[in-house]
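Pulled from Swiss-Prot:
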TOPO_DOM  20-1882  topological domain 'Extracellular'
REGION    44-286  region 'Glycosyl hydrolase-1 1'
CARBOHYD  Asn49  N-linked glycosylation site
CARBOHYD  Asn321  N-linked glycosylation site
REGION    360-853  region 'Glycosyl hydrolase-1 2'
CARBOHYD  Asn887  N-linked glycosylation site
REGION    900-1364  region 'Glycosyl hydrolase-1 3'
CARBOHYD  Asn944  N-linked glycosylation site
CARBOHYD  Asn987  N-linked glycosylation site
CARBOHYD  Asn1033  N-linked glycosylation site
ACT_SITE  Glu1063  active site, proton donor
CARBOHYD  Asn1172  N-linked glycosylation site
ACT_SITE  Glu1271  active site, nucleophile
CARBOHYD  Asn1506  N-linked glycosylation site
ACT_SITE  Glu1536  active site, proton donor
CARBOHYD  Asn1654  N-linked glycosylation site
CARBOHYD  Asn1670  N-linked glycosylation site
ACT_SITE  Glu1747  active site, nucleophile
CARBOHYD  Asn1759  N-linked glycosylation site
CARBOHYD  Asn1813  N-linked glycosylation site
TOPO_DOM  1902-1926  topological domain 'Cytoplasmic'
Amino acid sequence: MELFWSIVFTVLLSFSCRGSDWESDSNFISAAGPLTTDLLLSLQYPQGNQTSDFAAGGKDLYVCSQPLPAFLPEYFSSLRASEITHYKVFLSWAQLLPAGHSGDPDGNAVRCYRQLLEALRAAQLQPMVVLHHQHLPASSALRSAVFADLFAEYATFAFHAFGDLVGVWLTFSDLEAAIRELPQPESRASRLQLLTEAHRKAYEIYHQKYAAQGGKVSVVLQAEEISELLLESSTSALAKDSIDFLSLDLSYECQSEMSLPEKLSKLQTIEPKVKVFIFTLRLQDCPSSRKSPASLLFSFIEAINKDQVLTLGFDVNAFLNCSSTSKKSISCFLTDSLALQTDHERAARNSAPVSTYQRVWEMFAHQPRAERDAFLQDTFPQGFLWGVSTGAFNVEGGWAEGGRGPSVWDQFGHLKAAQGQATPEVASDSYYKWASDVALLRGLRAQVYKFSISWSRIFPMGRGSSPSPQGVAYYNKLIDSLLDSHIEPMATLFHWDLPQALQDEGGWQNESVVDAFVDYAAFCFSAFGNRVKLWVTFHEPWVMSYAGYGTGQHAPGISDPGIASFQVAHLVLKAHARTWHHYNSHHRPQQQGRVGIVLNSDWAEPLSPERPEDLAASERFLHFMLGWFAHPIFVDGDYPATMKAQIQQRNEQCPSPVAQLPEFTDTEKQLLKGSADFLGLSHYTSRLISKAPEDSCIPSYDTIGGFSQHTDPAWPQTSSPWIRVVPWGIRRLLQFVSLEYTKGKVPIYLAGNGMPIGESENLLSDSLRVDYFNQYINEVLKAIKEDSVDVRSYIARSLMDGFEGPAGYSQRFGLYHVNFNESSKPRTPRKSAFLLTSIIEKNGFLTKAVKQPLPPNSAHLPSKTRASALPSEVPSKAKVVWEKFSNQTKFERDLFYHGTFRDDFLWGVSSSAYQIEGAWDADGKGPSIWDNFTHTPGNGVTDNSTGDIACDSYNQLDADLNVLRALKVKAYRFSLSWSRIFPTGTNSSINSHGVDYYNRLIDGLLASDIFPMVTLFHWDLPQALQDIGGWENPSLIDLFDSYADYCFQTFGDRVKFWITFNEPTYYSWWSYGSGTFPPNVNDPGWAPYRISHALIKAHARVYHTYDEKYRQSQNGVISLSLVAQWAEPKSPDVLRDVEAADRKMQFTLGWYAHPIFKTGDYPDAMKWKVGNRSELQHLATSRLPSFTEEEKSYIRGTADVFCLNTYSSKIVQHKTPALNPPSYEDDQELAEEEDTSWPTTAMNRAASFGMRRLLNWIKEEYGDIPIYITENGVGLTNPRLEDIDRIFYYKTYINEALKAYRLDGVNLRGYFAWSLMDNFEWLQGYTIKFGLYHVDFENVNRPRTARISASYYTELITNNGMPLPSEDEFVYGQFPEGFVWSTSTAAFQIEGAWRADGKGLGIWDTFTHTRLKIENDDIADVACDSYHKISEDVVALQNLAVTHYRFSISWSRILPDGTTNYINEAGLNYYVRLIDALLAANIKPQVTMYHFDLPQALQDVGGWENETIVQRFKEYADVLFQRLGDKVKFWITLNEPFVVAYHGYGTGLYAPGIYFRPGTAPYIVGHNLIKAHAEAWHLYNDVYRASQGGVISITISSDWAEPRDPSNQEDVEAAKRYVQFMGGWFAHPIFKNGDYNEVMKTQIRERSLAAGLNESRLPEFTESEKRRINGTYDFFGFNHYTTVLAYNFNYPSIMSTVDADRGVASIVDRSWPGSGSYWLKMTPFGFRRILNWIKEEYNNPPIYVTENGVSHRGDSYLNDTTRIYYLRSYINEALKAVQQDKVDLRGYTVWTLMDNFEWYTGFSDKFGLHFVNYSDPSLPRIPRESAKFYASIVRCNGFPDPAEGPHPCLLQPEDTDPTMSPVSQEEVQFLGLSLGSTEAETALYVLFSLMLLGVCGLAFLSYALCKSSKQRKKLSQQELSPVSSF
């Protein structure tokens, strides 16, 4: 046969070569190809010895995907051996240039086609490349007007990318198909003209720019269309002008009467003569008896070559056959007969076509088990996406947060339909833990995260034009965080959780839901599509249709398999199609995303393969499960024929229809067909399928489908009854999907695969799941590599455990275990998480990890520096630090500073080898001194623990890398175990296993983009070296140098930051001085100095080794980590204490730093003290060794950077200790203590201010050297995950470091938290926890779980510090015109005259005269004596320029016994005179009727617990309205009823001091207070309002509450309860509905019943009372001072108090500035938030802030900067609430006008804008600076913008001197100077003016800079401003 074809080609060549000038192709062209999916399938999975059909027409073209099928080279070689010269390759424009233009090519596609072309060239086949066959890019840019230009751009791209491999180019292979693809409004002729122009441009570009490549260009034409094309000049270019040869698509019917010469006659009309190539040859009806291939070809040649038309070659596919008997043998040949290729015989052969399912099943049916289960060691294609998934209702929780509406799954949970009556209300709490979830993803190294959007979180009712802002914000934060972590978001629009509101309308059985879904999707595309590029419309719609509406097992629980199930699917498909088309039309052009659908399917194997009916049932099963949705979308727009036929048959067999399958209209079919950019596939398990045993007419999924489902008992079982482990099923399913649906045109995204474990199983060691993932993922790899299936992703289910529908929380799918019993819902990685990470890192299954290239020096390390040889001083020059900082006020010291660190700041965490590694004797490691010590009984370790296992980091490397990535750290500081590398301590015993561990750790860090910082020695000396004397043996210096040299040589190519010793100060003292650490040498006077001497020399030796041998090639830095506590002098003004503090610094930090960073020698302070004390001890020489001059020179400058470990501070004073016995500690001659006000920790008190001072001291002492804080952290004894104290520690300490950097110019380069995780903390064992991650030491796997501090630290890293949040930025502006400015007081607190003029006793009179009730036994008998000082008070008010004055009336001064039996006219007259004086001063009165001071006579009959008081209060109010109402237009009934009820009758802190009925009395009192208010309001409203025209309301008080942990839903709920119990207790009945809020009613009722009561302790209002109470307000009076951090606290049920009912405990943030009151922290942000809460909760009522202020304690504090800060900040937040949030705020009142009697604290807490000098009998009111500041705000009505120039309101009038007795001039500390108050006042004015000028200048400069560049970089180190933080 080969001889036959050789003769034929020889003859053909003689025809073709006559006159040929195509020298490069002088041989006859015989062309095969292109590749099709069917061809690849037949070659790969031969069935018997059958030959493959190579006709290309009608086949699905192969879309290039990597890797190329492995058998292609053999196939190509076989073609070349069969005389084939060329092979057709069809490029995909849409694949190469998805956007249509060359600006963003698909690199993977380019590489793939190049590999294909190179494979052809390697087989000596010439590629014949077609630029476009079908499928234009999906881009709006492909408009008619620019099509030709875009095609030319594409052609240019192809010529450039592939031209070196291609000699023959064809622009179009099917003009008709291309015409149909162009925009339809154009006529066919104009579209053909467009194609002609596109071809012409491509032709010209090739010959102008790429002619040197020597190729030819043409276009494929239908032979019958030649004449038509030649007639039109506009298209003739296609046939003769713009082609190098004519390429024809030729069909020939052998039986046709028309001869070839007639058919090709038009070829002769083309001038000049062109060469002809038959690109496609189709033979029809050519029986073998008629013609041989040779005769047929000769007749073609004769017809074409007539009149010198030259034939170049033919398409020989018609004559080509290949056979393949096994995968290893492919044979292609040209047949000598046409019989094999005749249509007639082909039709006969295929009379019973084999279905896709049957073909796929037959591919694998006879596969031996060993071959089936063989593990493939290979990698996935480049660009393959790895990820994990979740669903909204599975993990989010927050079911009612942010206005979210309920979904069908919420309803399902509330009906207690899930196992264990579980609900998804909290689930995994991802709504609040999105940042933690993204951290988990980083830990996994996930590249894509598939999550779903909760429809009802966006649109609570399913519809509407107003989406929930909170819901949108949640997804924005999640998406932005994913992208910031380089994780691709894949957003699912619908994951089974239909809004319940839509379900109430019929759900997916109501056609209108389609419109609602499209609207919802359209919003999501608009809101998130600029960042989300992968969209899933529906996730597993089969599950919802089958289980939600078929079996009823899922929400919404409808059981109607015959009708509802099919209705739902029908509407889902229509919703999907419309959504896809909406995206395609409206969003794709701009967003360039992809929209698909995720379908789930099991694989189906016939139960009895020998039974055809089982085979048919298996295929039917797939069509019912997968084809139900896939066939309409990916095939023809309609349901599978098999499915339709089966349902029809079943309905015909039954007396009534069993199922109703809706029909699509033709329009709907067109809409559905092709409506997906990818097919997402979920797969979990496989089934054995048989034909249903009998035809049942009872509708069910199986009976309708006619099949029965089974499993093989041999298949491993999981905890889920429906999932068996059948890995090979996924490969078969992927092959089926590829051939049946995607056909190489649409990529497959594997979007769901996983298995659960049960609650009773090992929740962390999920070995079965590890095997599951390993095997299933490997089968996916086989599908890609061996079956050429185009799979683009693997997405595991699930990221973490969640709510699993009917199974509740019993089925755990998570790679991360979630502890649902903990309120914080902590996540802990399972073994399967580490497996998946390993696969991701290797991109598959490699036996060895890929060697990573060396990373760039990402840490931006400083260059080598040299120390200065400055002489020492005693005390050192660093004493300026104490001078600068020690006299700061607490407010100045602790005020929080906002800013960021340098851009290359190195954020990291630390650990050390012995503390975490474990494996103490594994793999040849030698023992260390700590191994020996901990194994010795009585060693002093607290819990008798050892580091034998510790965190097991030696065996848990994957776990450590996981948490490091999750933290987002840039660097990891760890130490090497000397005895793990050199077991005996010397280089004669190198342990390769230990070296390998550190290599893997370092490589893993670098692969995770984490910079390694390596410590050579962290206290764990090899025991073998200790046995020869340890560091007291001089040879240790050489041995340490040898060890370091080996480390530099082995790891230095990747490690660029080395630390020789960690904390040598502590090591030398604890190990050789106190003897508490090994080697336990107790020699306090001598050994520490000797050891330190050796360590310093050892360090210097190693430094020089690195400097001389490695620095030039490795380019790293080297130093040592020194430790120090800040020393604060007890009396900063006492020189001896300052010297003692400096001495402590020199004896600890300077001991090592001074020789290394300064002079090469010890500090003079040390030499002096130790030398003198040695002499006094009668020693011949100093106990402190000395260095030779040579050693000093060698030591000096042996560190490139300064590494500092610091944890705490000490207060130091001079002390003269005993001389003997000698001791390093006594040599320092000082005493240490800690301030008891500093927060406690497990080891030392926290004193964050010391951080800034210590950094400044280093700068002053050692110069501007780069500093790295290599350890800082806090130990806690409580192992809980909610380590809020650790957050406070880091927050305050790092803020002080930030101040040092930004304000003081300290050259700070990095910060490392101690520690990454809990570990062995030396003598404390495992009792103290320093870790950001909790380690469970009781669990053999030592799982690591993130604490909330880990999330906080990640946030710091993300923000690179503590930038000022945009919402906290100061705003300029003015309040609305008419805004009320006021100040307030209360009668009892200021009036005095407690028994004057007939005043009756009040409860506070009684209370203050009772011992132990008031601080300092203060009484208010005189107070401020305002009863006698009306004029002084009015002057004070005028100082403030206020428009209003809020004061209260003393009930017992008007009605001495509380009743109207007697009205005290003298008392009433006081208020008349006061009001008249106010009005005369143009100040309007705001009168509070009741401010805590109940007449004692009423208290004697029960007070507010007696319901008669309601009437008494109404009568009292009536007197006030009658007598004062003509002058008072602003009334407040009650002030802070919460305080009256809670503190007066609950805690007993306030009068009347009742505390023994805390669970009932406060509620009774509150009940009566509300009714009394309502009665007073109605009285005024009904009787007086018309004539007096005033307003009346109540003043409510409330703190704002923030959740302690904002990521914990329990804490969020607790914060809400806190506010509802405080502010809502009284506001809700009055401002909302006349009744208590539901939170209170529910809480109190449930706790009352739990305590055994029959009813709630909270009284109930009758319906008439509710109506009377509701709406009894004209405004919302509001008092606010501070904010708390709230968290859930479960009190015992027997405890009946308001606090217990509330179920909340509260703390405060340590960084919040304090005040004179323990309960009041300055939190201005909370003011704005609670004003917004009032707006939202009570429909934006008019609000008057009736109290707001801050206290101090101590002296007069005239220059009260603290109060100015408070007022400025709080009032500015109020301005934001008005301007930005549209809160209806009408007025602001500062508390208080003047210092007064502050209830149970007496006169200790001072809130006044005026100082009242109680030591002066005249009680003068002296204005503080805050009074003047407040007056300026009042006059300016806010904060005028300085950028607009000086405002007239800032021009202050002359001060009015108040009437007062002479006061002595007091001294004021101002900016470190002692000034008189007058001078300080003048200085403050000057400073204030300068500040205003500075602010104006700064504003102008900021505007100019912002205008010039929006992207201005942060200040460099040289640009930092040393301004104060205040």
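Using N, Cα and C of the backbone, Cβ positions are placed for all residues, glycine too.
Features as recorded by Swiss-Prot, highlighted on the structure.
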{"residue": "Asn321", "record": "N-linked glycosylation site", "DSSP class": "strand"}
{"residue": "Asn887", "record": "N-linked glycosylation site", "DSSP class": "coil"}
{"residue": "Glu1063", "record": "active site, proton donor", "DSSP class": "coil"}
{"residue": "Asn1172", "record": "N-linked glycosylation site", "DSSP class": "helix"}
{"residue": "Glu1271", "record": "active site, nucleophile", "DSSP class": "strand"}
{"residue": "Glu1536", "record": "active site, proton donor", "DSSP class": "coil"}
{"residue": "Asn1654", "record": "N-linked glycosylation site", "DSSP class": "coil"}
{"residue": "Glu1747", "record": "active site, nucleophile", "DSSP class": "strand"}
{"residue": "Asn1759", "record": "N-linked glycosylation site", "DSSP class": "coil"}
{"residue": "Asn1813", "record": "N-linked glycosylation site", "DSSP class": "coil"}
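Model confidence over the region 'Glycosyl hydrolase-1 3' (900-1364) stands at 97, taken as the mean pLDDT rounded to a whole number. The secondary structure of Asn1670 (N-linked glycosylation site), as reduced to three states from DSSP, is coil rather than helix or strand.
Cα separation, Asn1172 (N-linked glycosylation site) to Glu1063 (active site, proton donor), rounded: 27 Å. When the alpha carbons of Asn887 (N-linked glycosylation site) and Asn1033 (N-linked glycosylation site) are compared, the span between them is 48 angstrom. Ranking the glycosylation sites Asn987, Asn1506, Asn1654 by the distance of their Cα atoms from the Cα of Asn1813 (N-linked glycosylation site) places Asn1506 first. Within its own chain, Glu1271 (active site, nucleophile) has Ser910, Ser1121, Val1123, Asn1205, Thr1206, Tyr1207, Phe1312, Trp1314 as residues 6 or more apart in sequence whose C-beta sits under 8 angstroms from its own. According to DSSP, Asn1506 (N-linked glycosylation site) is assigned to coil rather than to any helix or strand. In sequence order, Phe1492, Thr1595, Ile1596, Ser1597, Asn1679 are the residues near Glu1536 (active site, proton donor), counting only same-chain partners six or more apart with C-beta under 8 A. Across the structure, Glu1063 (active site, proton donor) and Asn1670 (N-linked glycosylation site) place their CA atoms 68 angstrom apart. Between the CA atoms of Asn321 (N-linked glycosylation site) and Asn987 (N-linked glycosylation site) there is a gap of 68 Å, rounded to the nearest whole number.
Of all the glycosylation sites listed (Asn321, Asn987), Asn321 sits in the most crowded Cβ setting, with the most other Cβ atoms within 10 Å. Comparing Asn1670 (N-linked glycosylation site) with Asn1506 (N-linked glycosylation site), their Cα atoms are 22 Å apart once rounded. Distance between Cα atoms for Asn944 (N-linked glycosylation site) and Asn1033 (N-linked glycosylation site): 30 Å, as a whole number. Cα-Cα distance from Asn1759 (N-linked glycosylation site) to Glu1747 (active site, nucleophile): 22 Å (rounded to the nearest whole number).
Geometry remark: Asn1506 (N-linked glycosylation site) versus Asn987 (N-linked glycosylation site), CA distance 89 Å. For the pair Glu1747 (active site, nucleophile) and Asn1033 (N-linked glycosylation site), the Cα-Cα distance reads 73 Å.
Secondary structure at Asn987 (N-linked glycosylation site), taken from DSSP and collapsed to helix, strand or coil, is coil. You'll find the Cα of Asn1654 (N-linked glycosylation site) roughly 80 Å from the Cα of Asn987 (N-linked glycosylation site). The separation of Asn1033 (N-linked glycosylation site) from Asn987 (N-linked glycosylation site), Cα to Cα, is 17 Å.
Taking the active-site residues Glu1063, Glu1747 in turn, the residue surrounded by the fewest other Cβ atoms inside 10 Å of its Cβ turns out to be Glu1063. For the glycosylation sites listed here (Asn944, Asn1670, Asn1759, Asn1813), the lowest count of other CB atoms within 10 A around the CB belongs to Asn944. A simple way to gauge crowding: the CB of Asn1172 (N-linked glycosylation site) has 13 other CB atoms within 10 angstroms, across all the protein chains here.
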